[in-house]
Amino acid sequence: MISIRQRKGIQTTEVSEDYVAQEENVKLENKLPSSCTNRRLWTILSFTIGGTVALCTGLLTSVYLATLHENDLWFSNIKEVEREISFRTECGLYYSYYKQMLQAPTLMQGFHGLIYDNKTESMRTINLLQRMNIYQEVFLSILYRVLPIQKYIEPVYFYIYTLFGLQAIYVTALYITSWLLSGTWLSGLLAAFWYVTNRIDTTRVEFTIPLRENWALPFFAIQIAAITYFLRPNLQPLSQRLTLLAIFISTFLFSLTWQFNQFMMLMQALVLFILDSLDMLPAVKVTWLYGIQLTGLLLVCILQFFNSMILGSLLISFNLSVLIARKLQKNLKTGSFLNRLGKLLLHLFVVLCLTLFLNNIIKKILNLKSDEHIFKFLKAKFGFGATRDFDANLYLCEEAFGLLPFNTFERLSDTLLFYAYIFVLSITVIAALAVAFHNLSDSTNQQSMYKMGEYTIGLKPETAYNLIHTILFGFLALSTMRMKYLWTSHMCVFASFGLCSPEIWELLLKLIHLYNPKRICIMRYSIPILILLYLCYKFWPGMMDELSELREFYDPDTVELMNWINSNTPRKAVFAGSMQLLAGVKLCTGRTLTNHPHYEDNSLRERTKAVYQIYAKRAPEEVHALLRSFGTDYVILEDSICYERRHRRGCRLRDLLDIANGHMMDGPGENDPDLKLAGHPRFCEEIKRNLPPYTAYFTRVFQNKTFHVYKLSRNK
C-alpha cells in the first residue's frame, strides 16, 4: 500500500502557500454559482430588453411608413377609384386579383376565375396562379372573407396594413441578424435606425405597396437571420432542426411571393459555393442549404402548376451541378496550396460547364423562352454586343435597370452608413483573404483561423457568409439600380454589426498595436451610441416635418377616363394601350386587356410589341389589323408616350419601335446607316387629324388633356 508523507526539512512557508492556494480555490468555487447566476440573469435581462426594443422598432417603422403613405395621398379621404389608381402599373394588376377574389360569389368560383382567366389577356385563357406570383392575394382574400372583420376594416386597408405589418417583420429580422452577428442588441438598434434614416434607398413600400418585392423581402430577411444562426458552430440538435425549419419556411415564402426569387437565390448559392470552396463553411451545412433551396423552389413550382420558368432556372441547374461535381471530385480539399488551387479552378470549370449543359437541356425539353429577354438584356448591358431587340432595349432604357447613381452614396454618407460600411468591409475582407489563404495552404487544419505573427486572425462562418453576401449583392445593386434595396438593407446590418463586434475591434487594435480588452469594450459601445445620437440630432426634425407635411392624390384625367369606361363601354369590351395604364383599367373597370405589365411570358412580349405599334410609323390599316387580331374594341392613346420627353433620344418608346421596325428616329441626331425612312407618319400623331384613312378604321369616343380613346370599326 502506497502512502504519501511530508518530506523532512521542508519549509513550512511552502505548506502554508499551498494551503492558502487551496483556501482561495475553495472560496472561488463558492463564488462560482453566484457568478453564473448573475450572468444568467444578466443574459435574460439583456435578451428581454433587446427583444422588446426589436419589436417596438419594427412596429414604429411600420407605423411611420403607413403614416407617410396616408399623408402623401390622403388615402382615407379619397374615392375608391382614386385609391385604386394610386396603385400604379403592375401594382394595380396584382391588387386587381385580390379584388376579384373578394367579388367572387364563392371561394371556389374565385379560384376557378384565376385558374381559367380570360380577361387579363384577350382571346386567351391563362392560369394566373401558374403565370404570376399572386398566392399572397389569394391568401389575404380568403382571410378577409373568413375572419369577422368586414364591419371594422375595408378590404383595401386590410391589404395595405398587411404589407406595412410585413415591414415591421422586415426591420425586426434585420435587427436580429445584426444582433446575432455582433452579440449585442445595440447593433440591431443601429441597423434599424440606419434603415429608417436611409428610407429613400432602403425601401419604396410607401408608394408601391403591392409590388412583389415588398411581399418577398421580409421573408428573405428572416431567411438570412436564420442562416446566420444556423452557421454558428456547436448548435444543439433541436436548435439546428428548428433553424432548418425556419430557413425552409422563409425560403419557400420568399420564392412563392416574387418572380425574381430564382435570381436572388442564385446569388445566395454562389455565396455558399465560394465559401465552401475556400473551407470557410462546414460542408454538411452547405449541403443542407443547397437542398433547402432546391426543395423550396420545386414546391413553389408544384403550387404554380409546374411553371416552366422555375424548372428552367439557373438556380436548379447550378445547385444540381455543384452537388454532382462534389461527388466527382472527392479529394478537392487536400494537397498543397498550388495543388488545391488547381483543383479549385477545375471544380469551378466543371460546375460552370455542368450548369450550362443542364440548363440548355432543360430549356430545350420544355421549349422555354420565358426568361430569354432577361439574358438578352444582360448581354447588351454588359457590352456583349449592341441589340435592336425591343424587349431588351425596353429594360436598358429604364432608369431602374441602369447603373446605381452616384448620389446614392452621397445620401448614404450623410447618415454615416457608407463610411461605417466601408470601414467594416475593409477589415473583414482582409481577415477573409488571410483565412482563405491559410485554408488553401493547410489542408490538415481546416478552421477559419490564421496566425499572423503573435496574433491570430479568425472569421466566424456566419460572418463569412454575410461578408460574401453583401459583396455579391453590392455588385448586383451597382449594376442594376432596382436591386439596390437588397443591398442597402443588408448594408445597415453589416455596418452596425462591425461597429459593435468585439472581433472586428480586436483585430483592428491588434494590427495597430493598441490591443486592450477594456478598449474593445469602450469602442464597441461608445461609437454606436455616438452615431445613434448623431442620427437623432440630425434627422429627427426632418422626420417630424415629413410626418406633418400633408398632400393629396390628384389625377383628374385618369379618374375621368376610368369613370367614362365604367359608364360608356360594355363589360366585355377589350382595351388596348400601354402596359402601365391597362393594369389600372383592369383594376378600376374590370374590362378585358390585350396586354399587361407582367412581362415574364414570350407570347405576351410579342403581343405587347404588336399593340405598341400605335406609337410607331405604321399605316392605319396595319394598326387596325394588328389590334383586331387580339379582339380589341377600344384603344387608348397617351400624349405622355406619343410626345415623350422623359427619356433621351434613342430611349423614347417611339424610338425603340422605330429601331425595331428598321425606321429612322425622329429629331436631330445620328441614325444607323441601314435604317430607312418610314413610309407612313407616326400613327399616334396622325390619327388626331381625323383624316379619312384613319376615320375609316377608328372613331374617337373620348378625349381629355392626357388620353384619347378610339373605337375600332369591326367591318374592316
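Here the Cβ of each residue, glycine as well, is placed from N, Cα and C on the backbone.
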Listed range which TrEMBL flags as transmembrane segment, given the options 382-401, 462-481: 462-481
For the transmembrane segment (521-540), sequence-distant contacts whose Cβ falls under 8 Å of one of its Cβ atoms, 6 or more beyond its ends: 182, 184, 186-187, 189-190, 193-194, 197, 414-416, 420, 496, 499-502, 505, 509
Range from 168-195, 215-232, 297-323, 418-441, 487-509 with the greatest count of C-beta pairs under 8 A to the transmembrane segment (344-362): 297-323
Other parts of the chain folded back onto the transmembrane segment (487-509), taken as Cβ under 8 Å at six or more residues beyond its ends: 170, 174, 177-178, 181-184, 186-188, 190-192, 194-195, 198, 201-203, 217, 221, 224, 412, 417-418, 420-421, 423-425, 427-428, 431, 457-458, 460, 463, 466-467, 469-470, 473-474, 476-477, 515-516, 519-521, 523-525, 527-528, 531
Intrachain neighbours beyond the transmembrane segment (418-441), with Cβ under 8 angstroms and 6 or more residues off its ends: 278-280, 336-337, 340-341, 344, 409, 412, 447-452, 457-459, 463-464, 467-468, 470-471, 491, 494-499, 504, 507-508, 531
Contact call for the transmembrane segment (297-323) and the transmembrane segment (270-291): at least 3 Cβ pairs under 8 Å, seq gap 6+: yes
